[in-house]
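The next block holds one structure in the form of C-alpha cells; read it before the comments.
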Amino acid sequence: MSEHIQWEPLREAAAEAMRYAYAPYSKFPVGAAALVDDGRVVTGCNVENASYGVGLCAECGLVSELQRTGGGRLVAFTCVDGHGELLMPCGRCRQLLYEFGGDDLLVETVDGPKTMTEILPYAFGPQDLSRSS
Ligand SMILES: O=c1ccn([C@H]2C[C@H](O)[C@@H](CO)O2)c(=O)[nH]1
Ligand SMILES: [Zn+2]
C-alpha cells in the first residue's frame with residue numbers, strides 16, 4: 001500500500017483542512033492530512049489560544065479525528081502551511097504521530113517521503129512500556 005501513496009490528493013486534503021485553522025496569534029495556519037490503513041483520510045488544523053502555549057498543532061486535531069472515526073493505523077502523513085509549502089511536524093507531533101503510525105509511517109518532506117524512523121530515530125513508544133522486567 002505504501003508504495004502507491006497518492007500524495008497530491010493528500011496535500012489537497014491538508015490544504016482544505018487548513019482553511020479552518022484558528023491562528024490569530026501566529027498568523028500561520030496549518031493543515032495536516034493522513035491516510036489510514038483502511039483507506040480513509042483524516043485531517044486537522046491548528047487551533048491557537050490567547051494563552052499562547054495552550055495552542056494545538058494541526059496534528060492534534062488529526063489524531064483526535066483518527067480516534068473519533070474508528071481508529072486504525074496511520075500510513076502516510078503530510079502537512080502544509082498557508083503558502084502551500086510542506087511543513088515538518090514539530091517534535092511533539094512526531095511523538096503524537098508515532099503512537100498511531102509507528103516506525104513505518106511515511107511523512108512527506110521536501111526530499112520526498114521519509115519513514116518515521118528517519119525523522120524520529122530511537123523513538124520512545126508503546127513497546128517500551130510493554131517490555132517486562
Ligand atoms: O507541524 C506543525 C507546525 C506548526 N504548527 C502550528 C503551531 C502554531 O499554531 C503555528 C506556528 O507555530 O503553527 C502546526 O500546527 N503543525
Ligand atoms: Zn506540533
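Every residue gets a Cβ built from N, Cα and C, even glycine.
For the Zn(2+) site, TrEMBL gives C90, C93; the one candidate out of C57, C79 that the record lists there too is C57. Ranked by Cα separation from E59 (active site, proton donor), the binding-site residues V47, E48, A50, C93 are led by C93. Excluding the listed site residues N46, V47, E48, N49, A50, S51, Y52, the same chain places Y22, Y25, G53, V54, G55, L56 with Cβ atoms within 8 Å of the centre of the substrate site Cβ atoms. Each of the binding-site residues N49, S51 was scored by the number of other CB atoms within 10 A of its CB, and the lowest score belongs to S51.
The Zn(2+) site, placed at the center of the C-beta atoms of C57, C90, C93, has further neighbours from the same chain whose C-beta lies within 8 angstroms: A58, E59, C60, P89, G91, R92, R94, L96.
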